[in-house]
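Heads up, the thing below is written out as structure tokens.
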Amino acid sequence: MAVAAAAAARRRDVSCLLLLLCFSSSMAATGGGGGGGEQEADRVARLPGQPASPAVSQFAGYVGVDERHGRALFYWFFEAQASPAPEKKPLLLWLNGGPGCSSIGYGAASELGPLRVARQGAALEFNQYGWNKEANLLFLESPVGVGFSYTNTSSDLSNLNDDFVAEDAYSFLVNWFKRFPQYKDNEFYISGESYAGHYVPQLADLVYERNKDKRASTYINLKGFIVGNPLTDDYYDSKGLAEYAWSHAIVSDQVYERIKKTCNFKNSNWTDDCNAAMNIIFSQYNQIDIYNIYAPKCLLNSTSASSPDRAFFANNQEQFRWRIKMFSGYDPCYSSYAEDYFNKHDVQEAFHANASGLLPGKWQVCSDQILNSYNFSVLSILPIYSKLIKAGLRVWLYSGDADGRVPVISSRYCVEALGLPIKTDWQSWYLDKQVAGRFVEYHGMTMVTVRGAGHLVPLNKPAEGLMLINAFLHGEKLPTSR
């Protein structure tokens, strides 16, 4: 079995090398200098199955982040709808988590982009709640190895951690702005969900530090960040996951008491007894959708490499010993539609992706390889929150209250741990005369819940998601009356 695994690994390395050598000829163009011609070369006139109207101004392609290693990240960019002109609206970067999940397959094509993949991946449909009504939307497949993003150095895939991801994302931004200089002075915000609860604040912190020389050509007009159902702090995330499962009748009182007795979540390595108790929670969630506990479970064929049963609830208990290694944000039905669509040759051709046709294996919405090899070295992002709040950045956190994976309880614990003074107490916000959720304003931060939404708020509650991002971008308060 070990020999077969080694042989498979060698085959993957060879396939990857062939792909990247074929891409290497285009690396000079991915560096990002010059704007104009490179920008226009990335324009996507129309994707297969895209509705004829309304018009969507979009670009896609590769931007180099490390010439020596041959690393390039793939992006999909939508200009904001007119009135005012796109150049006058904010630029919003969106990152999905996992680690290992595609911001194109999830954020763009399933959640908040103007074009969503229809059922069975047959076509695209217009999303009337696309966030490009409020901002220019930039979706990035990160880290390398995710989606169409690639590296010419196979060892990169074994060295992935939060610092690596932040540095590559920063290099991407610097080079992307060279290609799209008309957006260089726009207000810039970073957003994302699930494990992007690490990516987003860490990238914001890196931009903040590099911005200290305001005269530098790499200065980025960062104004704030917003994260949804974010993994933030190991202790509070794990504590909240267990408490949410018990309080929502997923597990019995006896199981919860066992967890409280055997689990010290302040230790990153769980004991055997704690691991066994927590696996009872995961086994119960295997019967429903952990990412939206009140939604029907997707019953599509789950024999693929991205099967939730295999990827999330493997019998190998070592998978959960150090961290809860489940893709943060996985929806098997929508990911299947995205995989059907983005694996079509005519789509990839129109998308300027996988030009050589030698992508190692099929395009996947989530990569098991990235998830299982990722070095989870950062246990808490809360110190970054404290730092950037003091620096004056706008910081929002929102949470769909039906998510069992990164539940609202976890986020409340995290926010309360910051010790910020309350500005406006917990209260309801409204959409169409109905309670859309609750929010609390602190001095320096806002936390919002979205009633009835799961892990993927823009997918589950699109109208609420659009109202939320509009309030965030404009620095406004959510409506508090019917």
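Here the Cβ of each residue, glycine as well, is placed from N, Cα and C on the backbone.
Among the features that Swiss-Prot reports, signal peptide is placed at 1-28, with the record citing sequence analysis.
Annotation comment: Swiss-Prot describes CYS101-CYS366 (among others) as disulfide bond. Neighbour count (other Cβ atoms within 10 Å of the Cβ, all protein chains): 28 for CYS366 (disulfide bond).
Marked as N-linked glycosylation site by Swiss-Prot: ASN152 (among others). Look at ASN152 (N-linked glycosylation site): DSSP puts it in coil. In this view, ASN152 (N-linked glycosylation site) is surrounded by 21 other Cβ atoms within 10 Å of its Cβ, with every protein chain counted.
The Cβ neighbour count for SER194 (active site), using a 10 Å radius and every protein chain shown, is 30. Swiss-Prot lists SER194 (among others) with the feature active site, giving similarity to another entry as the kind of evidence.
As annotated by Swiss-Prot, disulfide bond applies to CYS263-CYS274 (among others), with the evidence given as similarity to another entry. According to its DSSP assignment, CYS263 (disulfide bond) is coil.
According to DSSP, ASN269 (N-linked glycosylation site) is assigned to coil rather than to any helix or strand. Its Cβ placed at the centre, ASN269 (N-linked glycosylation site) has 9 other Cβ atoms within 10 Å. For ASN269 (among others), the entry in Swiss-Prot reads N-linked glycosylation site.
Here Swiss-Prot flags CYS298-CYS333 (among others) as disulfide bond.
The feature N-linked glycosylation site is assigned by Swiss-Prot to ASN301 (among others).
Per Swiss-Prot, the feature N-linked glycosylation site maps to ASN354 (among others).
The N-linked glycosylation site annotation in Swiss-Prot covers ASN375 (among others). Mapped onto three states, the DSSP output places ASN375 (N-linked glycosylation site) in strand. Summarising the environment of ASN375 (N-linked glycosylation site), the number of other Cβ atoms within 10 Å of its Cβ, over all protein chains shown, is 13.
Classification of ASP403 (active site) by DSSP places it in coil, neither helical nor stranded. Look at Swiss-Prot and you will find ASP403 (among others) tagged as active site, backed by similarity to another entry.
Counting Cβ atoms from all protein chains shown, HIS455 (active site) has 27 others lying within 10 Å of its own Cβ. Per Swiss-Prot, the feature active site maps to HIS455 (among others).
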Euclidean distance between Cα atoms of ASP403 (active site) and ASN375 (N-linked glycosylation site), Å: 25
Recorded positions near ASP403 (active site), in sequence order, restricted to CYS101, CYS263, ASN269, CYS274, CYS333, HIS455 and a 10 Å Cα cut-off: HIS455
DSSP three-state assignment (helix, strand or coil) for CYS101 (disulfide bond): strand
Proximal residue to SER194 (active site) among recorded positions CYS101, ASN152, ASN269, CYS333, HIS455 (C-alpha distance): HIS455
Distance, CYS333 (disulfide bond) to CYS366 (disulfide bond) (CA atoms, angstrom): 13
Three-state secondary structure, CYS366 (disulfide bond) (per DSSP): strand
